[in-house]
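Shown next, in structure tokens, is the structure this report addresses.
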């Protein structure tokens, strides 16, 4: 086995130990592509994979609107209550941070390993819930920006 395969197997094991089926499945799919000489698809997956993942995530979030489980009556309190306005602000801040996380992952793709291991530590020792690398990367980008800002003073 070469280093790429070894890294993917390690990520599969980390995903299984950390109860992160998405990491384990993603690494497994990439390992199968690599072992079946379908590596030619890697550049396309690398270039469009995040966009496709975000598309499916957005579709899943919008399903309650399409299935009419959420109506206008459910939406109006968002703009008239403290809880609703706080939820709107939280969603806006979270998506902004996710965008910063995406920028960080695009410029520093090797950071995914640290984010995955950190997520596993959070799951195992703090009973956290894995929500994906974007939020972890967003928080990391925010902390790095704070470090840069305070470090330059």
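Using N, Cα and C of the backbone, Cβ positions are placed for all residues, glycine too.
The transmembrane segment annotation in Swiss-Prot covers 6-26 (among others).
Annotated transmembrane segment per Swiss-Prot: 52-72 (among others), in sequence order.
Annotation comment: Swiss-Prot describes 77-97 (among others) as transmembrane segment. With a threshold of 8 Å between CB atoms, the same-chain residues lying at least 6 positions outside the transmembrane segment (77-97) that come near it are 135, 138-139, 141-142.
Here Swiss-Prot flags 111-131 (among others) as transmembrane segment.
Per Swiss-Prot, transmembrane segment is recorded for 132-152 (among others), and the stated evidence type is sequence analysis.
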Other parts of the chain folded back onto the transmembrane segment (132-152), taken as Cβ under 8 Å at six or more residues beyond its ends: 22, 94, 96-105, 111-112, 115-116, 118-119
